[in-house]
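Taking it in order: structure first as structure tokens, then the write-up.
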Amino acid sequence: MAATAATTTSSHLLLSSSRHVASSSQPSILSPRSLFSNNGKRAPTGVRNHQYASGVRCMAVAADAAETKTAARKKSGYELQTLTGWLLRQEMKGEIDAELTIVMSSISLACKQIASLVQRAGISNLTGVQGAVNIQGEDQKKLDVISNEVFSNCLRSSGRTGIIASEEEDVPVAVEESYSGNYVVVFDPLDGSSNIDAAVSTGSIFGIYSPNDECIVDDSDDISALGSEEQRCIVNVCQPGNNLLAAGYCMYSSSVIFVLTLGKGVFSFTLDPMYGEFVLTQENIEIPKAGRIYSFNEGNYQMWDDKLKKYIDDLKDPGPTGKPYSARYIGSLVGDFHRTLLYGGIYGYPRDAKSKNGKLRLLYECAPMSFIVEQAGGKGSDGHSRVLDIQPTEIHQRVPLYIGSTEEVEKLEKYLA
């Protein structure tokens, strides 16, 4: 009985709507004629005919409500944004081109391979020294050599890299012509490798530039025999940090963290071991304006100049607050910088009596890290000037580095002035 009544009522409503539409001087909104005015011109887009039947109005309102509900759908807790997907979105927005997307993907692949090697170093007998010395005069660890090969091979196979410059190479290396591309990539394949044997945090650092000129140096060339053209090529590879298109680092620790900037904010991705993909975990990272943490190797204190000693002594003084700065030092630039980026404070590797120009390399350590910290709202300085403004004169040029929260770096600069 109730079903019959419902059917009758429904039929009655439909019949009433039909009669209303038929008697109206205006066409129904469901009719194609409703898209045009009386003189045959098309009505403006988005304008509705409000003189339609009440039954049609109910249908439209229901449709609008359904659309709103769909738009307000909550993001699934299982929805992951991978580094590859994120890069493709940046490409679609015009932030980067397809070439740079491929280069970045190649770098992320190299980082995954190195992460695996680091995690299995003790098992695979990859600890200890290689028995060779690099251009810096440093004993090469086994993983230094292997990581450099991994990075170089991934960049060569991308087909989008023209020149690569590494901490472990004497000179910039031109990628074979059949595989060469447009980008210059500088990198430290394994920063903090002295920590490998103790399973302490290490990392890889990279920066990407557009080329100023074509490099013709081959990896078989003897640097002492280079002519004027080759030397000019090296100078052209040495670009200031202001020219960086992208920079980042990958930290190999309790988790594998890939931090990246394309010049518009800093983003962090964590390697998911289940899927083997870097997953977006932090967006638009901002370093605190100040932080009561300093990260210096105080073993070199006696070799520092008096101004820097005074600065460090004052940090240790409790002062009116009764709370001195906390000292934190890992011995890995990537590890110490990552903590500073998240918690605030200052990291420093100054010049001293032994290292007149400091120890860190400008092109592939100081400049990329300074680019990242500035994108996060911090500051990178050599104690007197902005790191990104320094024009390198050689591939392995060293400079002092003070990097971190803006207020902390500016405070140090006043001491050193």
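Including glycine, each Cβ sits where the backbone N, Cα and C put it.
Predicted, not measured: the structure shown is a model, and the values here were computed from it.
Checking Swiss-Prot for region 'Disordered' across the ranges 24-48, 374-398 points to 24-48. The record from Swiss-Prot ties ASP188, LEU190 to Mg(2+) 2, and of the options GLU167, GLU168, GLU169 it ties GLU167 to that site too.
Residues ASP191, GLY192, SER193, SER194, ASN297, TYR329, TYR347, TYR349 are recorded by Swiss-Prot as substrate binders, and the candidate that the same record lists for that site, out of LYS307, LYS309, LYS359, is LYS359. Cα spacing between ASP188 (Mg(2+) 2 binding site) and GLU365 (Mg(2+) 3 binding site): 7 Å, rounded to the nearest whole number. Under the three-state DSSP scheme, LEU190 (Mg(2+) 2 binding site) falls in the strand class. In this structure the C-alpha atoms belonging to GLU365 (Mg(2+) 3 binding site) and GLU167 (Mg(2+) 2 binding site) are separated by 9 Å. You'll find the Cα of GLU167 (Mg(2+) 2 binding site) roughly 13 Å from the Cα of CYS238 (disulfide bond). Across the structure, CYS238 (disulfide bond) and ASP191 (Mg(2+) 3 binding site) place their CA atoms 20 angstrom apart.
Summary for the recorded positions LEU190, CYS238: the Cβ-based neighbour count within 10 Å is maximal at LEU190. Within 10 Å of the C-beta atom of ASP191 (Mg(2+) 3 binding site) sit 29 other C-beta atoms, taking all shown protein chains into account.
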